[in-house]
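K.L.:
Straight from Swiss-Prot, here's the annotation block:
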type: BINDING; residues: 31, 32, 33, 34, 35, 36, 37, 38; note: ATP binding site
C-alpha cells in the first residue's frame, strides 16, 4: 500500500515549517477558516502534480518575506520507498525523486497518484465536457503506457491543423491533408482507449454509488460521445468539414470534443439527483478511478478532500470513511469542526488540529 510516511512543508503560504508522520489511512485536519488546512492539501497537490489547484502563479504561494517554498515527502510503496520533493523560488520550479531531477511534471504524477475533491467538484457534472474528459483520461494516464505522449501528439497536431486553417497559404491544401491523416491516427487511438476504460469504470461507479447512497438505486449507465459521428472515420469527417473548419478557424470534430453523460434510471444525473446525492455521485466517480488503479496495478492513490463535511450528513460521512478504509487509500481531509467521536470507531485514523499555520496531532 502506497502512502506518505513523513511530510515536510516549509514556507508554503501561512505554513512556516510543518513536519508530521501521517496515518497510512485517514487523516483529518480540523480548524477554523484561513488556518492553513487548504494550504496543507495544496502543498501535497503540488508535490504530486507540480502545480497548484489555487493559482498558476506559484510565487503567490511563497510565505511573505521568504524567497522560496519547499515540500518533501517520504513515500512507502510495495517493494520499497522513495523521497519526492519540490521547490519553487528565484531559480524557478525544481523537483526531485530521490536524487534524480524530474524533467517532466508527469513523472511526479506517476510516482504519487492523487485525487482531489472539494466543494467545487460538482464541476465534473455541471461544467463543460472537458471536465468529464479529464475524469476519463486520469485513469488512462495512470493505466495506459504511452497515453500521455499520445495525447500530446494529438494536441500538437490539432494546434498545427488549426494554424493552417487560419493562415491562407498557397500550399494549405497539401498541408491540411497531411495533418488530417496524423490527427485521425492519433484521435482514433485515443477514442479506442477511452471507450475501453469507460467500460471498466461503469460498473465500479454504479456499485460505489449504491454503497454510498445506501438506498435502492437503479444502476448507473454512461454514454460516450466520441466527438464525431460513429458512422464515419475521423479522417473522412475532417475532409468533409474542411470548408466549415476553414471559415471558423478551428477543428470541429475529434476527441477534443468528446463527452461523457451519466444516467440513473435512464435520466441525466443532473436532473434526477439532489445536490447531496450529486456530491455522493462525484465521490463515486473519484473512488472508481482509485479502485480501478488498484485492481489493475495494485497501486493506491492519495485522496485529498477539502471540506469533508460539505453536503454530507453524518450517515454519509460514516459510510464514506468505512469505504475509504476498505479501499486502503491514504486520505487527507479538512473540516472546520473536529469529528471527535465520529471517527473513533474507524481504524487507521489520525486527527490534526490546524491553527494559524501550525499543525498538531490530537490525541
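Cβ coordinates are placed from backbone N, Cα and C, and glycine is handled just like the others.
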K.L.:
So how many other Cβ atoms are close to residue 37 (ATP binding site), meaning within 10 Å of its Cβ?
P.N.:
26
K.L.:
Quick check: which same-chain residues outside 31, 32, 33, 34, 35, 36, 37, 38 lie with their CB within 8 A of the centre of the ATP site CB atoms?
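P.N.:
The answer, listed by sequence position, is 39, 334, 336, 354, 355.
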K.L.:
Run through the Cβ atoms and count how many others sit within 10 Å of the one on residue 35 (ATP binding site).
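P.N.:
There are 21 of them.
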K.L.:
For residue 32 (ATP binding site), what residues in its own chain, 6 or more apart in sequence, show a Cβ-Cβ distance under 8 Å?
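P.N.:
Same-chain residues close to residue 32 (ATP binding site) (Cβ under 8 Å, separated by 6 or more) are 336, 355.
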K.L.:
Considering the binding-site residues 31, 36, which residue's Cβ sits among the greatest number of other Cβ atoms within 10 Å?
P.N.:
36
K.L.:
Which of the three DSSP states, helix, strand or coil, fits residue 33 (ATP binding site)?
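P.N.:
In the DSSP reduction, residue 33 (ATP binding site) maps to coil.
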K.L.:
Which of 33, 34, 38 has the fewest nearby Cβ atoms, counting only those within 10 Å, among these binding-site residues?
P.N.:
33
